[in-house]
Amino acid sequence: MSNKEKERILTGDRPTGKLHLGHYVGSLQNRVELQEEYDTFLIIADVQALTTNFEQPEKLGEDVRQVARDYLAAGIDPEKTTIFVQSMVPEIAELTIFFSMLVTVNQLRHNPTIKSEADQYGYKEMSYGFLGYPVSQAADISFCRANLVPVGEDQIPHIEQTRKIVRKFNNLYGEVFPEPKALISDFPRLMGLDGKSKMSKSLNNAIYLSDSVEEVNKKIMQAKTDPARIHKDDPGHPEVCTVFHYHEAFNKEESGEIASRCRAGTIGCVACKKRMAKKLNEFLDPMRERRKKYLENPELIEEIIQKGTKRARKEAAITLKKVREVMKIDYFNN
Ligand code: TRP
Ligand code: SF4
(Lines of atoms letter the chains of each structure in order from A and count residues from 1; the text may use other names and numbers.)
(Lines give C-alpha, C1' and ligand atoms only; values in the text may rest on other atoms or scores of the structure.)
(Ligands and ions follow the chains in the order given, each with its own letter.)
Protein backbone atom coordinates (compact mmCIF):
# COMPACT_ATOMS: atom_id res chain seq x y z
CA MET A 1 0.00 0.00 0.00
CA SER A 2 1.31 3.45 -0.77
CA ASN A 3 1.49 6.11 1.94
CA LYS A 4 -1.47 7.86 0.31
CA GLU A 5 -3.91 5.06 1.10
CA LYS A 6 -2.64 4.30 4.57
CA GLU A 7 -4.22 5.68 7.71
CA ARG A 8 -1.98 8.05 9.57
CA ILE A 9 -0.45 7.92 13.04
CA LEU A 10 0.92 10.89 14.92
CA THR A 11 2.55 10.50 18.30
CA GLY A 12 5.70 11.55 20.07
CA ASP A 13 7.50 12.67 23.19
CA ARG A 14 8.83 15.72 24.94
CA PRO A 15 12.60 15.76 24.75
CA THR A 16 13.45 15.74 28.45
CA GLY A 17 16.16 13.08 28.51
CA LYS A 18 16.64 9.39 27.94
CA LEU A 19 13.71 7.08 27.18
CA HIS A 20 13.24 4.08 29.48
CA LEU A 21 11.54 0.67 29.48
CA GLY A 22 8.28 2.27 30.60
CA HIS A 23 8.23 4.34 27.42
CA TYR A 24 8.96 1.20 25.44
CA VAL A 25 6.11 -0.97 26.73
CA GLY A 26 3.76 1.99 27.13
CA SER A 27 3.93 3.13 23.53
CA LEU A 28 7.23 2.77 21.65
CA GLN A 29 6.61 -0.93 21.04
CA ASN A 30 3.23 -0.15 19.49
CA ARG A 31 4.82 2.45 17.26
CA VAL A 32 7.50 0.07 16.03
CA GLU A 33 4.85 -2.52 15.14
CA LEU A 34 2.38 -0.08 13.61
CA GLN A 35 4.87 1.70 11.37
CA GLU A 36 4.47 -1.27 9.01
CA GLU A 37 0.76 -0.60 8.48
CA TYR A 38 0.38 3.13 9.09
CA ASP A 39 1.94 6.23 7.65
CA THR A 40 3.60 7.20 10.93
CA PHE A 41 4.69 10.66 12.10
CA LEU A 42 6.78 10.99 15.26
CA ILE A 43 6.99 14.41 16.84
CA ILE A 44 9.82 15.45 19.13
CA ALA A 45 7.82 18.03 21.05
CA ASP A 46 10.46 20.57 22.03
CA VAL A 47 8.01 23.47 22.34
CA GLN A 48 5.91 21.41 24.72
CA ALA A 49 9.07 20.62 26.73
CA LEU A 50 9.58 24.38 27.04
CA THR A 51 6.26 24.73 28.89
CA THR A 52 8.04 23.34 31.94
CA ASN A 53 11.72 23.80 31.01
CA PHE A 54 11.63 27.35 29.69
CA GLU A 55 14.45 28.34 32.01
CA GLN A 56 16.95 26.00 30.32
CA PRO A 57 16.25 26.12 26.58
CA GLU A 58 19.93 25.37 25.89
CA LYS A 59 19.43 21.77 27.05
CA LEU A 60 16.92 21.01 24.32
CA GLY A 61 19.38 20.46 21.47
CA GLU A 62 21.02 17.46 23.09
CA ASP A 63 17.70 16.10 24.38
CA VAL A 64 16.21 16.24 20.88
CA ARG A 65 19.13 14.16 19.59
CA GLN A 66 18.83 11.75 22.52
CA VAL A 67 15.14 11.07 21.82
CA ALA A 68 15.84 10.60 18.10
CA ARG A 69 18.60 8.08 18.92
CA ASP A 70 16.29 6.25 21.32
CA TYR A 71 13.59 6.00 18.63
CA LEU A 72 16.01 4.68 16.04
CA ALA A 73 17.65 2.28 18.51
CA ALA A 74 14.21 0.95 19.51
CA GLY A 75 13.51 0.00 15.90
CA ILE A 76 11.79 3.01 14.40
CA ASP A 77 12.70 2.82 10.73
CA PRO A 78 13.32 6.27 9.22
CA GLU A 79 12.29 4.93 5.81
CA LYS A 80 8.82 4.15 7.19
CA THR A 81 8.39 6.76 9.90
CA THR A 82 8.64 10.54 9.59
CA ILE A 83 10.59 11.86 12.59
CA PHE A 84 10.49 15.63 13.03
CA VAL A 85 10.91 18.47 15.51
CA GLN A 86 7.88 20.50 16.62
CA SER A 87 9.52 23.95 16.58
CA MET A 88 10.71 23.38 13.01
CA VAL A 89 7.11 23.18 11.76
CA PRO A 90 5.76 26.72 12.38
CA GLU A 91 2.36 25.76 10.92
CA ILE A 92 1.72 23.88 14.17
CA ALA A 93 1.97 27.15 16.09
CA GLU A 94 -0.39 28.78 13.62
CA LEU A 95 -2.94 25.99 13.96
CA THR A 96 -2.62 26.22 17.76
CA ILE A 97 -3.84 29.82 17.61
CA PHE A 98 -6.89 28.92 15.51
CA PHE A 99 -7.69 25.98 17.81
CA SER A 100 -7.29 28.11 20.94
CA MET A 101 -10.56 29.89 20.15
CA LEU A 102 -12.42 26.57 20.33
CA VAL A 103 -11.43 25.67 23.91
CA THR A 104 -12.47 27.27 27.17
CA VAL A 105 -10.05 28.02 29.97
CA ASN A 106 -12.20 25.92 32.27
CA GLN A 107 -11.88 22.85 30.05
CA LEU A 108 -8.13 23.17 30.32
CA ARG A 109 -8.21 23.77 34.06
CA HIS A 110 -10.19 20.56 34.55
CA ASN A 111 -7.88 18.42 32.44
CA PRO A 112 -6.72 15.74 34.93
CA THR A 113 -3.25 15.39 33.39
CA ILE A 114 -2.68 19.15 33.55
CA LYS A 115 -3.81 19.09 37.19
CA SER A 116 -1.52 16.28 38.22
CA GLU A 117 1.46 17.74 36.35
CA ALA A 118 0.86 21.15 37.93
CA ASP A 119 0.92 19.42 41.35
CA GLN A 120 4.02 17.48 40.43
CA TYR A 121 5.87 20.67 39.44
CA GLY A 122 4.46 22.55 42.42
CA TYR A 123 2.86 25.28 40.27
CA LYS A 124 0.65 27.56 42.34
CA GLU A 125 -0.18 29.45 39.19
CA MET A 126 0.16 28.11 35.66
CA SER A 127 1.63 29.94 32.71
CA TYR A 128 -0.64 30.46 29.74
CA GLY A 129 1.65 28.20 27.70
CA PHE A 130 1.55 25.36 30.22
CA LEU A 131 -2.23 25.52 30.73
CA GLY A 132 -2.66 25.63 26.97
CA TYR A 133 -0.30 22.87 25.91
CA PRO A 134 -3.18 20.44 25.25
CA VAL A 135 -4.33 22.87 22.54
CA SER A 136 -0.88 22.83 21.02
CA GLN A 137 -0.93 19.03 21.25
CA ALA A 138 -4.25 19.01 19.37
CA ALA A 139 -2.45 20.96 16.64
CA ASP A 140 0.47 18.47 16.73
CA ILE A 141 -1.99 15.68 16.02
CA SER A 142 -4.14 17.54 13.52
CA PHE A 143 -1.65 19.35 11.31
CA CYS A 144 -1.03 16.07 9.47
CA ARG A 145 -4.68 14.94 9.79
CA ALA A 146 -3.79 11.89 11.92
CA ASN A 147 -6.29 9.12 12.60
CA LEU A 148 -4.57 7.24 15.41
CA VAL A 149 -2.45 8.29 18.40
CA PRO A 150 -0.59 5.50 20.26
CA VAL A 151 0.20 6.91 23.72
CA GLY A 152 0.46 6.09 27.41
CA GLU A 153 -2.77 6.29 29.40
CA ASP A 154 -1.89 9.66 30.99
CA GLN A 155 -2.40 11.19 27.54
CA ILE A 156 -6.07 10.14 27.20
CA PRO A 157 -7.42 13.52 28.39
CA HIS A 158 -5.35 15.27 25.71
CA ILE A 159 -6.71 13.04 22.96
CA GLU A 160 -10.24 13.65 24.26
CA GLN A 161 -9.55 17.38 24.16
CA THR A 162 -8.24 17.05 20.61
CA ARG A 163 -11.39 15.22 19.54
CA LYS A 164 -13.55 17.99 21.02
CA ILE A 165 -11.61 20.72 19.25
CA VAL A 166 -11.64 18.90 15.93
CA ARG A 167 -15.38 18.20 16.17
CA LYS A 168 -16.06 21.84 16.88
CA PHE A 169 -13.82 22.99 14.05
CA ASN A 170 -15.41 20.61 11.54
CA ASN A 171 -18.93 21.60 12.60
CA LEU A 172 -18.24 25.30 12.43
CA TYR A 173 -16.19 25.57 9.29
CA GLY A 174 -16.31 22.28 7.37
CA GLU A 175 -14.72 18.84 7.49
CA VAL A 176 -10.97 19.17 7.50
CA PHE A 177 -9.80 16.86 10.27
CA PRO A 178 -10.47 13.22 11.18
CA GLU A 179 -11.39 12.67 14.86
CA PRO A 180 -8.27 10.90 16.10
CA LYS A 181 -8.45 7.84 18.32
CA ALA A 182 -6.08 7.02 21.18
CA LEU A 183 -4.42 3.63 21.19
CA ILE A 184 -3.33 2.49 24.63
CA SER A 185 -0.90 -0.40 25.05
CA ASP A 186 -1.62 -3.64 26.96
CA PHE A 187 1.05 -2.52 29.41
CA PRO A 188 0.22 1.13 30.00
CA ARG A 189 2.15 1.32 33.28
CA LEU A 190 5.48 -0.28 33.98
CA MET A 191 6.44 -0.28 37.64
CA GLY A 192 9.69 1.40 38.67
CA LEU A 193 12.60 -0.46 40.31
CA ASP A 194 11.44 0.76 43.74
CA GLY A 195 8.16 -1.15 43.31
CA LYS A 196 6.25 1.90 44.54
CA SER A 197 5.29 3.86 41.49
CA LYS A 198 5.45 3.93 37.76
CA MET A 199 8.84 4.00 36.08
CA SER A 200 9.92 7.60 35.73
CA LYS A 201 13.07 9.56 35.22
CA SER A 202 12.31 12.03 38.00
CA LEU A 203 11.80 9.23 40.55
CA ASN A 204 15.17 7.70 39.73
CA ASN A 205 13.67 4.21 39.38
CA ALA A 206 14.15 3.60 35.67
CA ILE A 207 16.06 1.27 33.37
CA TYR A 208 16.97 3.21 30.24
CA LEU A 209 17.03 1.87 26.70
CA SER A 210 20.59 3.18 26.60
CA ASP A 211 21.78 1.43 29.80
CA SER A 212 24.82 -0.84 29.50
CA VAL A 213 24.81 -4.55 30.39
CA GLU A 214 26.46 -3.71 33.72
CA GLU A 215 23.93 -1.01 34.55
CA VAL A 216 21.03 -3.36 33.82
CA ASN A 217 22.56 -6.14 35.95
CA LYS A 218 23.16 -3.78 38.84
CA LYS A 219 19.70 -2.21 38.71
CA ILE A 220 17.88 -5.56 38.55
CA MET A 221 19.91 -6.90 41.48
CA GLN A 222 18.76 -3.90 43.53
CA ALA A 223 15.10 -4.11 42.45
CA LYS A 224 12.42 -4.52 45.08
CA THR A 225 11.06 -8.07 45.49
CA ASP A 226 8.51 -9.73 47.78
CA PRO A 227 9.57 -8.69 51.31
CA ALA A 228 8.22 -12.01 52.67
CA ARG A 229 11.09 -13.86 51.02
CA ILE A 230 13.99 -13.88 53.42
CA HIS A 231 15.31 -17.41 52.80
CA LYS A 232 15.47 -18.71 49.31
CA ASP A 233 12.91 -21.46 50.01
CA ASP A 234 10.32 -19.15 51.62
CA PRO A 235 7.09 -19.24 49.59
CA GLY A 236 6.80 -15.99 47.60
CA HIS A 237 4.07 -13.77 46.15
CA PRO A 238 5.05 -12.89 42.59
CA GLU A 239 2.09 -10.52 42.27
CA VAL A 240 3.75 -8.05 44.66
CA CYS A 241 7.23 -8.35 43.14
CA THR A 242 8.68 -5.81 40.72
CA VAL A 243 10.98 -8.38 39.14
CA PHE A 244 8.02 -10.62 38.40
CA HIS A 245 6.22 -7.69 36.83
CA TYR A 246 9.20 -7.33 34.48
CA HIS A 247 9.11 -11.07 33.70
CA GLU A 248 5.51 -10.57 32.61
CA ALA A 249 6.46 -7.65 30.40
CA PHE A 250 9.69 -8.96 28.89
CA ASN A 251 9.73 -12.73 29.51
CA LYS A 252 6.14 -13.80 28.95
CA GLU A 253 7.14 -17.37 27.95
CA GLU A 254 8.76 -18.16 31.30
CA SER A 255 6.58 -16.04 33.58
CA GLY A 256 4.08 -18.84 34.36
CA GLU A 257 6.84 -21.20 35.43
CA ILE A 258 8.55 -18.47 37.45
CA ALA A 259 5.32 -17.61 39.27
CA SER A 260 4.74 -21.22 40.35
CA ARG A 261 8.34 -21.75 41.40
CA CYS A 262 8.32 -18.50 43.38
CA ARG A 263 5.11 -19.56 45.15
CA ALA A 264 6.55 -23.00 45.91
CA GLY A 265 9.84 -21.53 47.11
CA THR A 266 11.86 -23.50 44.54
CA ILE A 267 13.56 -20.52 42.90
CA GLY A 268 15.61 -17.98 44.83
CA CYS A 269 15.34 -14.25 44.16
CA VAL A 270 18.96 -14.03 43.06
CA ALA A 271 18.49 -16.73 40.42
CA CYS A 272 15.22 -15.17 39.35
CA LYS A 273 16.83 -11.75 39.00
CA LYS A 274 19.72 -13.18 37.01
CA ARG A 275 17.26 -14.64 34.54
CA MET A 276 15.51 -11.32 34.26
CA ALA A 277 18.73 -9.36 33.73
CA LYS A 278 19.84 -11.81 31.06
CA LYS A 279 16.50 -11.55 29.29
CA LEU A 280 16.54 -7.76 29.41
CA ASN A 281 20.06 -7.60 28.08
CA GLU A 282 19.12 -9.90 25.20
CA PHE A 283 16.22 -7.58 24.52
CA LEU A 284 18.41 -4.46 24.63
CA ASP A 285 21.34 -5.88 22.64
CA PRO A 286 19.93 -5.16 19.17
CA MET A 287 19.11 -1.62 20.35
CA ARG A 288 22.73 -1.18 21.51
CA GLU A 289 23.91 -2.33 18.13
CA ARG A 290 21.71 0.16 16.25
CA ARG A 291 22.53 2.99 18.67
CA LYS A 292 26.25 2.52 18.05
CA LYS A 293 25.80 3.38 14.39
CA TYR A 294 24.10 6.68 15.25
CA LEU A 295 26.56 7.59 18.00
CA GLU A 296 29.43 7.04 15.61
CA ASN A 297 27.70 9.00 12.81
CA PRO A 298 25.77 11.82 14.48
CA GLU A 299 25.21 13.50 11.10
CA LEU A 300 22.76 10.67 10.30
CA ILE A 301 20.44 11.94 13.03
CA GLU A 302 20.45 15.42 11.57
CA GLU A 303 19.76 14.09 8.06
CA ILE A 304 16.83 12.00 9.29
CA ILE A 305 15.31 14.93 11.18
CA GLN A 306 15.79 17.39 8.32
CA LYS A 307 14.16 14.98 5.90
CA GLY A 308 11.31 14.20 8.30
CA THR A 309 10.69 17.87 9.00
CA LYS A 310 10.53 18.62 5.29
CA ARG A 311 7.85 15.98 4.81
CA ALA A 312 5.95 17.22 7.89
CA ARG A 313 5.98 20.78 6.54
CA LYS A 314 4.62 19.59 3.24
CA GLU A 315 1.62 18.02 4.97
CA ALA A 316 1.28 21.09 7.20
CA ALA A 317 1.09 23.39 4.18
CA ILE A 318 -1.72 21.27 2.67
CA THR A 319 -3.68 21.33 5.93
CA LEU A 320 -3.23 25.03 6.65
CA LYS A 321 -4.32 25.93 3.14
CA LYS A 322 -7.56 24.01 3.70
CA VAL A 323 -7.98 25.55 7.14
CA ARG A 324 -7.70 29.07 5.76
CA GLU A 325 -10.10 28.22 2.95
CA VAL A 326 -12.85 26.82 5.16
CA MET A 327 -12.38 29.61 7.71
CA LYS A 328 -12.61 32.08 4.84
CA ILE A 329 -9.47 33.88 5.87
CA ASP A 330 -7.82 33.41 2.53
CA TYR A 331 -9.05 36.86 1.39
CA PHE A 332 -6.31 37.45 -1.10
CA ASN A 333 -5.70 33.76 -1.87
CA ASN A 334 -2.66 33.98 0.33
N1 TRP B 1 2.37 15.06 25.80
C2 TRP B 1 3.17 13.97 25.32
C3 TRP B 1 4.01 13.45 26.49
O4 TRP B 1 4.25 14.17 27.43
C5 TRP B 1 4.09 14.36 24.19
C6 TRP B 1 3.37 14.82 22.95
C7 TRP B 1 3.45 16.06 22.39
C8 TRP B 1 2.47 14.08 22.15
N9 TRP B 1 2.68 16.14 21.30
C10 TRP B 1 2.05 14.95 21.10
C11 TRP B 1 1.98 12.76 22.22
C12 TRP B 1 1.15 14.52 20.15
C13 TRP B 1 1.07 12.36 21.24
C14 TRP B 1 0.65 13.23 20.23
O15 TRP B 1 4.46 12.33 26.44
FE1 SF4 C 1 10.22 -11.89 42.81
FE2 SF4 C 1 11.43 -13.84 41.54
FE3 SF4 C 1 11.93 -13.38 44.12
FE4 SF4 C 1 9.58 -14.37 43.38
S5 SF4 C 1 11.57 -15.36 43.12
S6 SF4 C 1 9.89 -12.70 44.85
S7 SF4 C 1 9.24 -13.37 41.43
S8 SF4 C 1 12.41 -12.06 42.42
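Glycine residues also receive a Cβ, built from the backbone N, Cα and C atoms like all the rest.
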**OP:** Kindly point out which candidate in L34, L190 is recorded by TrEMBL as part of the ATP site with R14, P15, T16, G22, H23, G152, E153, D154, K198, M199, S200, K201, S202.
**Re:** L190
Subject >> For the motif ''HIGH' region' (15-23), distant same-chain residues with Cβ under 8 A (at least six beyond the ends) >> reply: 44-46, 49, 53, 60, 63-64, 66-67, 70-71, 74, 152, 189-190, 192, 198-201, 206-210, 246, 249-250, 280
**OP:** Pop the Cα-Cα gap between D140 (L-tryptophan binding site) and T16 (ATP binding site) into the table, whole Å please.
**Re:** 18
**OP:** Consider only the binding-site residues H23, D140, E153, L190, M199, K201: which of them have a Cβ under 6 Å from an atom of ligand 1? Write none if no residue does.
**Re:** D140
